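The following features are taken from TrEMBL:
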DOMAIN    246-365  domain 'Fibronectin type-III'
DOMAIN    369-471  domain 'Fibronectin type-III'
REGION    509-529  region 'Disordered'
DOMAIN    590-686  domain 'Fibronectin type-III'
TRANSMEM  694-719  transmembrane segment
DOMAIN    728-1003  domain 'Protein kinase'
REGION    1031-1158  region 'Disordered'
COMPBIAS  1078-1093  compositional bias 'Pro residues'
Amino acid sequence: MVTAAPPTGGSTHAVKVHALSCECPAKCEKRACTQTGECCHPQCLGGCSEPDSDTACAACLHYFHEGRCVVTCPPDTYSFEGWRCITMDLCARVHMPNDFDPFVIHEGECGCTVIKGNLHINIRRGNNIASELESFMGLIQTVTGYVRIRHSHTLGSLSFLKSLRFINGEELLEGMYAFSALDNQHLQFLWDWSQHNLTIKAGKLFFRFNPKLCVSEIRTMWEKTGITEKFEEVEFRNNGDRASCESHILKFKSNSTMSNRIKLTWERYRPPDYRDLISFIVYYKEAPFQNITEFDGQDGCGSNSWNMVDVDLPQDKDQDPGVLLSPLKPWTQYAIFVKAITLVVEDKHILGAKSEVVYIRTNPSEPSMPLDVRSYSNSSSKLLVKWSPPISPNGNLTYYLVRWQQQPEDRELYQHNYCSKELKIPIRISATGVVDMEEDTKPTKSDASGADKGPCCPCPKSMDEMKSVVDNASYRKVFENFLHNSIFTPRPPDRRRRDVFAVANATLGQGSGGNVTGPEGNSTDGELADREYPFYDTMVSGRELTEISHLQSFTVYRIDIHACNHEVKHCSAAAFVFSRTKPADKADDIPGAVNWERVEGVEGTVFLKWPEPVKPNGLILMYEIKFRLSNEPEKHECVSRQHYRDHKGTRLSNLGPGNYSARVRATSLAGNGSWTEPVAFYVPQPKPGDYDSVLYLMISIPIVVLVIVASVVATLIVFNKKRNSDRLGNGVLYASGSFGMVYEGIAKGVVKDEPETHVAIKTVNESASMRERIEFLNEASVMKEFNCHHVVRLLGVVSQGQPTLVIMELMTRGDLKSHLRSLRSPEQNSSSLLLPPLKKMIQMAGEIADGMAYLNANKFVHRDLAARNCMVAEDFTVKIGDFGMTRDIYETDYYRKGGKGLLPVRWMAPESLKDGVFTTNSDVWSFGVVLWEIATLAEQPYQGMSNEQVLRFVMEGGLLDKPDNCPDMLFELMRMCWQYNPKMRPSFLEIIGSIKEELDPPFREVSFFYSEENKPPDTEELDMEAENMEKVPLDPPSGRQGGSTPLSVQGAAGAQALPSQSTAAMQGPALQQQQQQPPLPTPGAHPTPPPPSGSTSSCASSPASPGGASDKRPGHASAANGPAVVLRPSFEEAPPYAHMNGGRKNERALPLPQSSAC
């Protein structure tokens, strides 16, 4: 193989290119762009330093010539190494490093076509020799010396030297031979002299010991190459001694073809001795063109492009031999020849026999199915369908059979009651998109809007690759839906399966409407969901595009495309697509007037009835009614589909006397219809009865009692507020909810060296139950020992009198979720948010991670980490904690599963959703979701998905997408937190360690990460095995009784406790230690809740509560040197537990507490 060194002359070309942006403007189309977004020249590849300049490219798309990028090399220049254009002189001067051979000009490119010297070929072994030699030596045109081929037992012919035209003979072998072939055991063919010209200018031929090369081949070469000396056959007699050189030409007598078989017979062949004929071999292969010889693609190592079939001699000597070739491809031309195999005997010469190469084409057959079927709707009654031709037409493709069938809506849509508040109206969209148009077919304006806004530069994937990914994903989705709907759903007994080919060729009547749907009034919803609609068809010739019209608005259709040949009976299997038409305007409007009538015997009740839309957009889901009495506000009533089909209207009950007006509208899959004109009706005064006076008395007495009780309660509330105000300054309402209220006030002496401190005062409703009061105080009990800069501090508790007050650090900027949303600009679109600087987002992440690391070090699991539960201080520091009001303010962020407490499913890890297991690792998952909220300025995670869909999506391994404009560093941190295996997620300390270089210097002074408390434990924490985790009860009974440690409370007047105030003991669940293992659950037993008052569960000393009593019972290890797992001596001892905002200790599964907002 000849290669070229780089040119020794010429100027260098260097362009300084800035870092490329991954997104170029839409106007650049497929071109690259500069760093400032300006488009490069079309001939630039990979970027440029100046816009629209072919001299400023980083690389050239085609060729580089004289400092410019060009499409093709100019005249008198030649392509060199595939990317440069050089002159003829430079091309001739280019040499190999060892000055072996020069490059010469060939068809516009510099390639090796002349061998100055001699050509020696000696090949002993190898695979696929013929094609390899043709690839590397097929361009050789001239050899100045001689050609010598010897001991090349793998060569069957010399056709690989297809361009050889001259052997100059400037140097001759042994002084007389220009071409020599010695001892080539399988060489049997030289060249096809009808298509090859070779001239030997000096010297003659030398052939010895080529047993399969006939002398006639040598004679032909002697004559064709222009050698003037006389051919002496005796010099070449030791060639061809093993070949049938004087072959008899066999002639085919008959052939019959089918789509996948060819049957051939040929004439009987009788050598002088019939016993010398052994068998026949039939050679065949695909031949698009009729220019094949029997030696093409053959070599002596067994590589052969021909298929071979051995044919035994017929038993009847008078019978013509024949063969049946199968399996073959339909509508394919084959080259075929047959050769007789005769006995080779040294002492006698036997004539061979073979046929000429003949070409036979198989019959056409059914085509393969069309490809890439796509469809979109350009109106409410039309669908545009396009497809690609089949890969194997198997004949002259003449037309396509297009069939379509209306599809019923999902059965669930008929069964759901969409008037229920728990259900949302399903969203269906029509099939919009952009398909390549032909001739006068153009998409509508609304369709064009769905097209791509502009391609992105190919980093990391090109537009074609991205389109291929999207197309493949869309096809897989449609195919999977089809499988589920057609295969896995059992069909009713009365629905018969259809044969594809039978239906494809059946004669179907085509109605003028193209779609006929019967009235739904007499059909039940079950019948409509299972209805089998008829098929309609049309034939399309000459193009792969058609438009189907006269369709129902906003309806799903299945469209089948069959490829057909006239010569065959059947068409191909169907390629199909599902598509929905666009909604029609006014189709969901109620066609007639709304009528009303009084219900006899029922006072204050009116029955409204109205006609349903004739041809709605898909399916009517419900009806809405708005009615009002005179000028009062309108009231809303919802009528489900099932209710309307049963009653053809609805009742309005409990109406007071007066004049009413009402209007109705329908809601379909496509949306809402128009309101009807208001209908007026009158409700008369009810007739007085004997029971009226009794009724009035029954109503008035409770009202008077309630007023008296409310007055007393209000007086007490005012009195208590005044007293609390005296102790805590004038409180200003900060937030409120069903949990109670949070005031902003001033506390005196609660913080050292600060006479007055702005604080948040949290209260609980006086109407709260004892359980809610215990939970309220329990939260304070959990938080009282926290002392971390990045966790909201509890400053004190006022437990005397009502209401109980919890004094906490004031976070003036509210929760992080509200703060992030306040950063959004009103002029900006939500799809292009202006995010805070990366350093600010990393700072937020570090502060949240530091607070969580502190909780983890104290063996607490938060279980509800989210942006709404992080607070922002005046100096923008983010801290862990909340005022217990997020479940009321952000009620939609929680989901009630199976009648249990509210769960933040959009922030929960997969193991928490599956098994109810909450650990520090699950908090790390929630931390990743918080990072996603920061990057999106507090968008809702998994937007557009219901809570049930989020449950399935996360448990099946789904992840949130990368937010727009999100820095890669922040997104990589999210992905680390979202590892499906909990043990693969980093700890909070590892997260801080990975970003500590990006944090502000004050972080080192106030953080837990750099504090003395952050020390590694002396003992290694043991992981709980999964099988043991399954045995841990979700709500272990709290059976241990013990004393409680009173909470020291600082009053409002100073840092010391007031003597007049008695400090109430914190009652409720105590803190669970990590070294205790919960008892095994007893079958049939139910866990007992902790006692509401009078006793608390004892807890051993922990780092968070150094003043607690240590548990010295046998079988329990102390936690002083770190957590350990030991066996409990008695099944009746249950571990105490604690929670913070739904958190818990010991990293074991405990139930979320019921929210007071529920």
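Each Cβ is built from the backbone N, Cα and C atoms, and glycine gets one as well.
Packing against the transmembrane segment (694-719) from elsewhere in the chain are residues 766, 802: each is 6 or more residues past its ends and has a CB under 8 Å from a CB in it. When pLDDT values are averaged over the domain 'Fibronectin type-III' (590-686), the model yields 91. Per DSSP, the secondary structure of the domain 'Fibronectin type-III' (590-686) breaks down as 7 helix, 46 strand, 44 coil. Taken through DSSP, the domain 'Fibronectin type-III' (246-365) splits into 3 helix, 55 strand, 62 coil.
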